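A.B. asks: Feature list, courtesy of Swiss-Prot:
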BINDING   ALA14, MET15, SER16, GLY17, GLY18, VAL19, ASP20, SER21, LEU40, GLY132  ATP binding site
DISULFID  CYS108-CYS204  disulfide bond
ACT_SITE  CYS108  active site, nucleophile
SITE      HIS133  site 'Interaction with tRNA'
ACT_SITE  CYS204  active site, cysteine persulfide intermediate
SITE      GLN344  site 'Interaction with tRNA'
Amino acid sequence: MINLGDKQSTIVVAMSGGVDSSAVAAMLHEQGHNVIGITLQLYDHGMAVGKKNACCAGQDIYDAKMVANKLGIPHYVLDYESKFKESVIDNFVDSYLQGETPLPCVQCNKSVKFRDLIKTARELGAAQLATGHYVRKVNGDNGAELHTGLDPAKDQSYFLFTTTKEQLEYLSFPLGGLTKDETRRLASKFGLEVADKPDSQDICFVPDGNYKSVINKIRPGASESGKIIHVNGFELGEHSGIINYTIGQRRGLGIAYNEPLYVVKIDPKDNIVYVGPESALHVQEFIIKNINWLADEIKDNEKLEVEVKIRSTRPPRLAEISKLDDDKMKVKFLSEEKAVAPGQACVIYAGERVLGGGWITRDIR
């Protein structure tokens with residue numbers, strides 16, 4: 001059993017209503033801590049009441065309250081609909097309209113969950129904010145370090161790369177050394193009804209999985225048809241709006257050709273989707289921006305060999321990074337990688353440790 005310090009310290013738990021955060025609340029309560037549960041209502045409550053496989057939906061708020069009542073701990077629901085729309089949903093929509101492939105869960109952790117929940121936890125006099133993420137905080141020579149969860153199948157470090165050093169010092173991740181099965185067994189041991197609740201699968205504010213309808217609702221008429229052009233320069237047809245295409249996409253292009261074609265570039269300024277053979281997807285280097293760095297500072301002209309992940313589901317790849325300025329880095333793969341998508345995160349690792357990361361720009365070669 002993981003122990004988070006002195007008995008009777010106050011710890012706020014970010015309770016989503018799922019099995020992970022519920023198990024954390026129960027675990028800390030059993031250890032004798034003064035646990036306070038907080039759940040954020042992030043989007044249209046009525047739309048999501050029946051949605052059970054998303055995060056922070058109406059059913060999940062009910063489940064979080066039910067768990068808190070069983071444990072006998074205080075529980076608060078904070079209305080964050082306006083903040084969530086402004087910081088996450090609008091960003092998600094605008095990213096697609098800019099020809100990018102957004103990552104709303106990272107934006108939510110950065111702009112809403114960690115920033116504001118930590119502020120609230122401090123106001124409540126809590127010593128820590130605990131979450132149900134599968135990552136580890138390790139005390140290094142220069143302070144807290146962010147490490148991958150021990151269970152590679154559940155590791156969530158890719159989604160937490162924007163966590164700052166200051167935030168990391170205040171956060172705790174009790175499940176980082178556990179597997180999902182172990183967490184479910186803990187929840188069963190505590191008698192929690194959510195022990196067998198399915199994991200969230202979808203983007204929480206896209207309850208039916210149709211992100212295009214969300215975009216069209218928020219920015220009606222913003223996505224117009226345009227040209228599909230082969231990377232060799234000739235026109236192949238017309239696309240139905242750039243929001244319908246992502247880098248690496250092969251199906252649903254609506255064009256006929258004598259070899260398989262993939263989306264290799266999206267130009268939002270001229271409203272063009274470029275396609276080409278699979279070989280055109282191969283990338284050697286690219287630029288990332290809005291860097292969050294958790295390790296020792298990289299010197300100017302220094303080249304550092306690391307591992308990077310450009311999608312949460314892809315394994316890390318060897319690469320060389322170098323600092324361009326305080327907000328940009330160049331990432332060069334040691335061997336070519338396929339389908340690097342602007343708008344996605346590039347997270348940088350040294351073994352199990354997260355060194356930092358940034359957002360992939362259009363500067364891809």
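Backbone N, Cα and C atoms are what each Cβ position is placed from, and that goes for glycine too.
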A.B. asks: Given the recorded positions ALA14, SER16, ASP20, LEU40, CYS204, which one's Cα is the least distant from that of HIS133 (site 'Interaction with tRNA')?
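C.D. replies: Given the candidates ALA14, SER16, ASP20, LEU40, CYS204, the nearest one is ASP20.
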A.B. asks: Using only the residues recorded as binding ATP (ALA14, MET15, SER16, GLY17, GLY18, VAL19, ASP20, SER21, LEU40, GLY132), report the maximum Cα-Cα distance in Å, whole number please.
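C.D. replies: Across ALA14, MET15, SER16, GLY17, GLY18, VAL19, ASP20, SER21, LEU40, GLY132, the widest Cα separation comes out at 16 Å.
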A.B. asks: In whole Å, note down how far the CA of CYS108 (disulfide bond) lies from the CA of LEU40 (ATP binding site).
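C.D. replies: That separation, Cα to Cα, works out to 11 Å.
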A.B. asks: Can you tell me whether DSSP puts LEU40 (ATP binding site) in helix, strand or coil?
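C.D. replies: Strand, per DSSP.
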A.B. asks: State the count of C-beta atoms found within 10 angstroms of the C-beta of ASP20 (ATP binding site), not counting that atom itself.
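C.D. replies: Its Cβ shell of radius 10 Å holds 27 other Cβ atoms.
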A.B. asks: Rounded to an integer, what is the Cα-Cα distance in Å between ASP20 (ATP binding site) and CYS204 (disulfide bond)?
C.D. replies: 17
A.B. asks: Express the distance between the Cα positions of GLN344 (site 'Interaction with tRNA') and SER16 (ATP binding site) as a whole number of Å.
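C.D. replies: Between the Cα atoms of GLN344 (site 'Interaction with tRNA') and SER16 (ATP binding site), the distance comes to 24 Å.
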A.B. asks: If you measure ALA14 (ATP binding site) to CYS108 (disulfide bond) at Cα, how many Å is it?
C.D. replies: 13
A.B. asks: Round to a whole number and give the Cα-to-Cα distance in Å for the pair CYS108 (disulfide bond) and GLY18 (ATP binding site).
C.D. replies: 17
A.B. asks: Cα distance, CYS204 (disulfide bond) to SER16 (ATP binding site), nearest Å?
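C.D. replies: SER16 (ATP binding site) and CYS204 (disulfide bond) have their Cα atoms 11 Å apart.
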A.B. asks: Cβ neighbours within 10 Å, counted over all protein chains: which one of the recorded positions LEU40, CYS204 has the most?
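C.D. replies: Its Cβ has the most other Cβ atoms within 10 Å: LEU40.
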A.B. asks: Is ALA14 (ATP binding site) helix, strand or coil when read with DSSP?
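C.D. replies: Strand, per DSSP.
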A.B. asks: What is the total of other Cβ atoms whose distance to the Cβ of ALA14 (ATP binding site) is within 10 Å?
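C.D. replies: 25, counting other Cβ atoms within 10 Å of ALA14 (ATP binding site).
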